[in-house]
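Per TrEMBL, the features are as follows:
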{"type": "BINDING", "residues": "D:Arg46", "note": "NADP(+) binding site"}
{"type": "BINDING", "residues": "D:Arg123, D:Ser124, D:Ser125, D:Gly255, D:Lys270, D:Pro271, D:Thr272, D:Pro273, D:Ser274, D:Arg296", "note": "FMN binding site"}
Number of protein chains: 4
Amino acid sequence: MNTFGRNFRVTTFGESHGKALGAVIDGCPAGIALTEADIQPCLDRRRPGTSSLVSPRREADRVEILSGTFEGVTTGTPIALVVYNRNQESGDYDALRDIFRPGHADYSYTAKYGIRDHRGGGRSSGRETLSRVAAGAVAAKCLERYGIGVAGRISEIHGKTTPEGMEEAIRTARQEGDSVGGIVEVVVSGCPAGLGDPVFAKLDALIAAALMGIGAVKGVEIGAGFAAARMRGSENNDPITPDGFAGNNAGGILGGISTGQPIVARIAVKPTPSIEMEQATIDTGGDERKIRIGGRHDPCIAVRIVPVAECMTALVILDALLEQEKYRGFSARKE
Amino acid sequence: MNTFGRNFRVTTFGESHGKALGAVIDGCPAGIALTEADIQPCLDRRRPGTSSLVSPRREADRVEILSGTFEGVTTGTPIALVVYNRNQESGDYDALRDIFRPGHADYSYTAKYGIRDHRGGGRSSGRETLSRVAAGAVAAKCLERYGIGVAGRISEIHGKTTPEGMEEAIRTARQEGDSVGGIVEVVVSGCPAGLGDPVFAKLDALIAAALMGIGAVKGVEIGAGFAAARMRGSENNDPITPDGFAGNNAGGILGGISTGQPIVARIAVKPTPSIEMEQATIDTGGDERKIRIGGRHDPCIAVRIVPVAECMTALVILDALLEQEKYRGFSARKE
Amino acid sequence: MNTFGRNFRVTTFGESHGKALGAVIDGCPAGIALTEADIQPCLDRRRPGTSSLVSPRREADRVEILSGTFEGVTTGTPIALVVYNRNQESGDYDALRDIFRPGHADYSYTAKYGIRDHRGGGRSSGRETLSRVAAGAVAAKCLERYGIGVAGRISEIHGKTTPEGMEEAIRTARQEGDSVGGIVEVVVSGCPAGLGDPVFAKLDALIAAALMGIGAVKGVEIGAGFAAARMRGSENNDPITPDGFAGNNAGGILGGISTGQPIVARIAVKPTPSIEMEQATIDTGGDERKIRIGGRHDPCIAVRIVPVAECMTALVILDALLEQEKYRGFSARKE
Amino acid sequence: MNTFGRNFRVTTFGESHGKALGAVIDGCPAGIALTEADIQPCLDRRRPGTSSLVSPRREADRVEILSGTFEGVTTGTPIALVVYNRNQESGDYDALRDIFRPGHADYSYTAKYGIRDHRGGGRSSGRETLSRVAAGAVAAKCLERYGIGVAGRISEIHGKTTPEGMEEAIRTARQEGDSVGGIVEVVVSGCPAGLGDPVFAKLDALIAAALMGIGAVKGVEIGAGFAAARMRGSENNDPITPDGFAGNNAGGILGGISTGQPIVARIAVKPTPSIEMEQATIDTGGDERKIRIGGRHDPCIAVRIVPVAECMTALVILDALLEQEKYRGFSARKE
């Protein structure tokens, strides 16, 4: 299942060292001004090397719109986005062909498919998120029309919450050939009440799936999240006043449906599994091996996940919004 | 969207004070021995009044199979399960017709539908989970054939982890007309490697959606979960040995695909929103109101969510298993 | 797959001689007045014994709404409809337990499931359409709000097109222990332009699937249909004038999208496979058998398929309408 | 909805005069040898100018695999196929920018989207089928492993059934600036019994949707099809013998499930709507216009639809086959 969404459906493809990565968006409304210039900045933002905290590798990813627009405006037909991989040299990875890297999908992919593109993780590479970010940029453009914004930020790295603490945690980890985890928070502003469906397609369930579906994410919480499990009802319930809710422990969602307050989600991102420190593992023959993973890996992938988490959240919100429009239109008909 | 699953698809219906609740299972394999006696014990288990920790209300929920079996065996056609509501008296709830209860879905449902069955929460009631448990019992029966088991337990209540501490937290909350939250852990044993799909339908993403889709759940984590965000890579990566993984911070899932280790998920359950303590809220006219919610509500719904969390997890695993069978069968053909 | 539709989703269940048949409707808009009295007349209409042309068996099918309405109005939650089978005696069918009836699904079901409810066809019985008709009645109610009507009629029986010719064809077939096929035409009036999606979900493709999915239907055509294959372009193209289309060979659909003209579909219904005349077949052991199928079977099921074809068409149109509302709402937002 | 299939899912994109057309295949089994050389011949076959019966336009469509294979073998990840449009010059079509061509989707697209890529039909162009043929070629490769073949042929043109008659019908139509319709027959050989699902996803319903979803198709029939409507039961029922069915009026499908006989489907293709003869129409302002559509259009598109109908049928069969594998694998487990 490489398709996401029910109304604004995004199908992604591509491996880290294949010819290209991309996405096909099906269900984008017609009439939206859209060119590559609307998407490229989002890709640039997720690019490595844009701050001192991330890997200095150069990737110049250029997105191209292959279909779905005419004279710079969406036509309602599928929008195909493609990013060609400039550097498909995969010599670096030959040494890893027969080894299962700990913390990576190598072992489970092999168990599933019996075959695996070992070059840089193939489909399980973080590069796959490029397709999501490209599609999310189009979703964000659609959400603008509703005045809805989605903003993510790093809220914690290796238990540290100050900018200095976070930077230091990363710097130290890199020096030691190790890596660190972190927490990313995403906030949706301007979201109307009524989005989401009761029962299985609760808005928080959709957000949880969207965010847990990002590689390296091991936890998702909404509003007070795990802290709510340690609260009392009198403390956790957000009182309602004539001016709105007096508190947001709910994180903007009650009974799976948005309340009109900001939607707040947080995700736990594990430390980058690729580390230079020696690790014990096995090869495909089942024999013991020791490995050190070289190359320029981000010591903290949480940093690079910020735009991905924003994009996935934007996709969920837009999808729920289109779902709502369906019934609004019907209800607006005179009986 | 009241349907869950792609292969073993469960569609649920019913309100807490309507005529009946139930589920239709589409995609259950033929040839499985199945009668009401396989399902009833699971319903009994989620029933209130079965321990000192839960509400003493009596509900005698009898499940009936309306279709899909012939001479006690599934035929491959849809299995309809129904539980009639014995007590549809809703007088208790008349006082709440025009009031939005804090922490409940009253406000958001009204925003969404413009209309609301206010009797006991209607569709947003915890009683809705009855349908899930009935369907989950069938899924569990199917999983038996693979030797897969799903077991849940309360791991924490109001921050307390010992049986005595948890009991006391609940007792105190009840005495004070308040409620407490808790944490539920679900473990899947016997799960083969290779379940789940990369990218959007990662096994952990599906589990996250399934569990976050249970009312009152505000967080989901897999394996080390949020703790992983505070770890280093060298600590979080599970080394691989010829005898298997030496650790399970991954919670049995790498790259969204099961590794063959036990799958471990934990959920944060908020305190029961219905409390006797006075709360500030508004009515549907927007005017200030004070309410105390009487009746016999569970002071800690986490306790009752255990079988629901098990059932939702069983549904996810079975669905992924059927997905895997699809490709196994194909691959088994000689080229 | 016992679910039909993307937006107004109908899941059906039930066998002809099981406990009950029914449907769960998911995605019905809130705020529609709906009671059993809106549905029952449609079920009565499909009942046998309502004219001299159909079987005189008595079935008193009473529909019951189990959920999804509150105080006589839909709430947006799933609507469960159930019809209990009054007469589950299946002694008549014991003789057929081990025989594959020609023209029926007996052989193919056994090949698929390895198990089969042989009583009256089980899930493959014409009685299954009861669920569709019940759900279609709700769809028709929704379409009323848009002024859209769906009307079916028999247009041909055994090649005869006059009322007298058709009656005689049926009478003769019955006397001879045989049966006859026929053609049913369905017309949608008041349908707005713009429904349907290009490529795979063309409105005519959806109608074709809906109608071919009715048991005994062997062909579907839209507008001029098979006659178009014998025309020239200059003859088949409907000219367009300032007052609209001057002709409707297109049957109200161009490029898979409705044009605003009446939508016209016709289906070929095969003769009832259950006939008293002796037929050659085999039993489950593979041995030759001769059978005569007794009981009171309709000599021409085309007659009874009329309301089913209407209902399936209504489901398609409503589904496409809700799809259109989704994008209309979006486009109506100021940029 | 530009996605087709449940298990082997094909998402297509692209307009006739945009940058590129293509498809993303999700759900293709791993381990199948696949290169561009497996797909290109199918594209070449649908190319115009390959016989005296079709348009002499030159199109050199080169397919490229962007993802989903590794060292010439499928990996189980999405296979992206792209064909760049060599000739995007659309000057020819400028005259048509504001005119609704009779028999085309121009009017209905405008009603739906409010915007339209008028260049050669855009997304509603026959060129869109290129994506289907590319994807269908991959499906056909998968079906080979099961010994299943899908073969189409023209069975009638403008009512004529001999090769000479058909050629003459086309030649005359071309000389007169007109076009003719035809009938295409598709036969699936080697298909096992048990494919398809009862009720809505009957194998014939899926085939009907697949074929009616091809532009210009106005009717679909299975086996005896419309002729069955003129038969008696004793004539239409295929007797069953120890050696198999003695006849195939059913067209290989009973109760929506394959019987193991050849599956036979026929489609009615309307005459090419683009003709040189003068036609009455209107422009987007609603004013009367006369048009003659120049260029080198096929006088009989039925001819070019043959490979498309094969490919769509192959997609349906493969999808149903994977569905069957799912339950076979389950049933093969010891209880």
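These residue numbers are counts, starting from 1, taken along the chain as shown.
Cβ atoms are placed via backbone N, Cα and C, with glycine included.
Counting only the Cα atoms, the space from the residue listed as 'NADP(+) binding site' to D:Ser125 (FMN binding site) is about 14 angstrom.
In this entry, D:Arg123 stand out among the binding-site residues D:Arg123, D:Thr272, D:Ser274 as having a C-beta under 8 A from a C-beta of chain A. Under the DSSP three-state reduction, the residue listed as 'NADP(+) binding site' is assigned to helix. Taking Cβ-Cβ distances under 8 Å and a sequence separation of 6 or more, the neighbours of D:Ser125 (FMN binding site) in its chain are D:Glu15, D:Ser16. It is D:Arg46, among the binding-site residues D:Arg46, D:Arg123, D:Lys270, whose Cβ has the fewest other Cβ atoms within 10 Å in the structure shown. Among the record's FMN binders, D:Arg123, D:Ser124, D:Ser125, D:Gly255, D:Lys270, D:Pro271, D:Thr272, D:Pro273, D:Ser274, D:Arg296, no two C-alpha atoms are more than 44 Å apart, and one pair sits at exactly that spread.
Annotation for D:Thr272 (FMN binding site): same-chain Cβ neighbours under 8 Å, separated by at least 6 residues, are D:Ser179, D:Ala216, D:His297, D:Asp298, D:Pro299, D:Cys300, D:Ile301. Sequence-distant contacts of D:Ser274 (FMN binding site), defined as residues of its own chain at least six apart whose C-beta falls under 8 angstroms from its C-beta, comprise D:Arg101, D:Gly103, D:His104, D:Ser179, D:Ile293, D:Gly295, D:His297.
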